[in-house]
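**Q** Below are the features I grabbed from TrEMBL:
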DOMAIN    A:94-332  domain 'ABC transmembrane type-1'
TRANSMEM  A:33-53  transmembrane segment
TRANSMEM  A:98-121  transmembrane segment
TRANSMEM  A:141-159  transmembrane segment
TRANSMEM  A:171-192  transmembrane segment
TRANSMEM  A:204-227  transmembrane segment
TRANSMEM  A:266-285  transmembrane segment
TRANSMEM  A:316-336  transmembrane segment
């Protein structure tokens, strides 16, 4: 609380003694103006031009019948929104987005938090608080999936889920083989081999794609949580341990509240990703899966715009998704913010 | 321990400021930004010609210059750089410059037609001629008002042959380019839809290509005995190849009018007897286990690889398949096409097939030199250039008699050529899927069907519901088939 005051105080002291400096204070120096211009004005202009104006523009397009090609377009009011509300595929896609919205943050954050706890405070209870043996190695390794581009991850998982020669079915069939060997001894009939097309089966497809996303993100959020757990003073953790708190209790009741801000940031990020998810879905199930089982709004929007040439309607979907995304961000931040008396 | 600004880690601080940033700006804007930055650019003013205007230029017309081209103007062509490459178009460009020495022809190649051309259209500066093909082609519904009528091109004489261009085209070629009775799209590559197989395998096993559906089912039983399948399919993105096969069988059974009814989005189009029988036949093959299981989880590339590597015997596809599969097809496979088998009491002969033309070339009416764009097409449609195309790409162009019997050494091209000769005028095609962009919706239904989730009656209902939705949607421009 002291550093800004010191600076101002010093400045004022200088101002009262020399009027020259005083004048300079009233008229900002060239350097100061340049500073504002470069570090505030420029980003603001870029932001207005590339973020705010397209946003407003697409809101306008959502009220037109623009085909994406014609230089002109007709204003049609809320007709696009009416179409969307009556579009079963849109609702199905939104439903899939909402499933992802619940699934992805919950699983990813639980997993990555658990891993972060293991590599920071999950180690031996003798001596100082530390992570499990080899923590440094795990921290590096777990970051690798995040470094692989999403498209490549999607293609790799396509191979893993391949119904014929896929890794997943191959592994399951090893298990099936072992089971058959055992129950064969008991005189029971063999369990059939598994040839599931994971990405084509409506029951598993969305979960299969979600798994690839979780695999990608767990390491990244683990690193984020590790950094914030490291910033907790070790006295606090040692005190908790002396008071008899086990690892789980320390993690849930001491560490988690102290890194709450990071967790809610992570929820917002993953939540926004879950509402998009375009890359993974379009690489792994280009048409949104059997019976639209994995179609998400972003893919539906893309098809509406670029396949059907209905940019107006697609813009309306974009506007709706922007609203949904903002609502999610507001809810998460409100819930995640500690009440005043807790501080 | 407090959480005042001084105690935050840099990461936390970034997190905190980002959070507020996100809350204010709404990061979801990303989704709508996709559609945001393209329109309303140039506006174009009032000088744009209305769509459908004739393509013939202001210049004087003559026998050598039937389209009234101003030979001093440059021509800008944009070619889709796909399976056929762009060499053929560059060669045509060179020929154009030979005919009009004062003109400069630019041939641009791209794989991204839509992202490249959309801003040009929206800004009022489209190219003079372009090839609307590939996964990212421009949607026709949005495009239609921006195109020139190519009727004069059809009526123009050949550069190097007898008669007009129209007289030298293979049957059915102009159909996909007709929009409400106006000829807007000149499709350049002739596509034969067929059932593809390995001639080598059939020879070794002493099989004959089944000409009737019953023969096919008999062969299916034999193939199943070998632990293999009749068909592979890529349900993630290409199950509609089997829609094509079923509709071809329906057309052969009930005549081309069956498909016209579907194209015209009639109310009971998918409950026509021929369609019902064809769908039922497919359902019998699905039920008998003649489709390689697991297809619902893979893409067409995987399915086609499985096929050429022997997991299955047939694959229904267009005549691009040999080129497409060149990298994975075993040596000596001798890929050959045959018409789809006939159902009992078919009205069309077995030789009839689904023939259409692809690589749709358009001449934008708002370009700098529309008549030059059309003249570029006239050069491409000359016998010389058409032959050059077939030799370069091993695919037939839409111009008659430009492929030698040996198919330039390609078994697929030779079989296609033989099919064209055998069928004569007995070809048919449909366009509803392209006109209204229904491929994705069909895939959704057909994958469920081939997987065995729904029966043929439900499939027909879903397909009918799909075209009903288009018919009842006033905001979609409708096209009329057979006009």
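Cβ coordinates come from backbone N, Cα and C, glycine included.
Given the structure is predicted, the values throughout are model-derived calculations rather than measurements.
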**Q** Taking a Cβ cut-off under 8 Å, which residues six or more beyond the ends of the transmembrane segment (A:141-159) line up next to it in the same chain?
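**A** For the transmembrane segment (A:141-159), the sequence-distant neighbours (Cβ-Cβ under 8 Å, at least 6 residues beyond its ends) are 115, 166-167, 199, 208-209, 211-212, 215-220, 222-223, 279-280, 283-284.
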**Q** Restricting to the same chain and to residues at least six past its boundaries, which positions have a Cβ under 8 Å from a Cβ of the transmembrane segment (A:204-227)?
**A** 96, 99-100, 103-104, 107-109, 111-113, 115-117, 119-120, 139, 141-146, 148, 150, 153-154, 157, 161, 196, 198, 259, 262-263, 266, 270, 273, 277, 280-281, 284-285, 289-290, 293-294
**Q** Under a criterion of three or more Cβ pairs within a distance under 8 Å and sequence separation of at least 6, are the transmembrane segment (A:266-285) and the transmembrane segment (A:316-336) in contact?
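**A** Judged by the Cβ rule, the two regions touch, with the required three close pairs present.
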**Q** Given a Cβ distance threshold of under 8 angstroms, which distant residues of the chain, six or more beyond its ends, lie next to the transmembrane segment (A:316-336)?
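**A** Those are 55, 58-59, 62-63, 80-81, 83-84, 90, 94, 97, 101, 260-261, 263-264, 267-268, 271-272, 275, 297-298, 300-301, 304, in sequence order.
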